[in-house]
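As given in Swiss-Prot:
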type: COMPBIAS; residues: 1-13; note: compositional bias 'Polar residues'
type: REGION; residues: 1-22; note: region 'Disordered'
type: BINDING; residues: His138, His142; note: divalent metal cation binding site
type: ACT_SITE; residues: Glu139; note: active site
Amino acid sequence: MPNSQTSNSQPQVSEKDVDTGFRKGDDTFTHWRNVFNILTGRMTDEGIEQFRVARDLRNEAADCKRCEDQRDYLLQWSPIIRYMSDSIRQLGGDLSSHNIYCRRCTNRKAGGFDPEYGILICANEMKDQGHLEDTMAHEMVHAYDHLRFKVDWTNNLRHAACTEIRASSLSGECRWAREFFRRGQWKLTQQHQECVRRRAVLSVMARPGCQDKGHAEKVVNEVWDSCFRDTRPFDEIFR
């Protein structure tokens, strides 16, 4: 009789069979079960992302409505947003509710600027009205720079680094209180500069022409002095 052969191969486990700790469902019990799994470390990074995506889809309409209401309020009453709007208008541009869009984003960012379309605000990433104000101001600095300096967004990393330095410095997102309470940065000295530099490097790293972190840091360093000192359209760093 022929010898029987025993297979040593293990059954393949598909991605669908992997337990990430995330449980589907919109009911209150399932929601808190997922929260408990996150708090106790029973949910993987993939599961946490699944939880966030499900939450964002469930809250999309409410998130966008809240974002639009706060956007309109800031356009009317926020000193920095009104000042940036006026400065952009003086250069022949126009940013208002018709081209500042509140949308659900699938990548984890606060917003973006496109010269053709305007400003995108990621409604599902906005923590509060202050966060929205910082994000709008940041993207408005990009819009101002595009109109005044003719930024080459595609091919010139120095241009990208300079406008990121200015946007992070002038928008208010790097002021001490924001860093301390929201991002857990505890330094008291040189905090503003370190925040601006860190965010500029991360932004340049995301550009197609950037090779690595070292390349991004080199580009940021090359333009740092002139771009950090340039506070236009403000006389000095606004906040």
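Cβ atoms here come from the backbone N, Cα and C positions, even for glycine.
Since we're looking at a predicted model, the values are computed, not measured.
All features noted in Swiss-Prot, drawn onto the structure.
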residue : record                             : Cβ neighbours (10 Å)
His138  : divalent metal cation binding site : 26
Glu139  : active site                        : 24
His142  : divalent metal cation binding site : 23
Under a three-state DSSP reduction, the secondary structure at Glu139 (active site) is helix
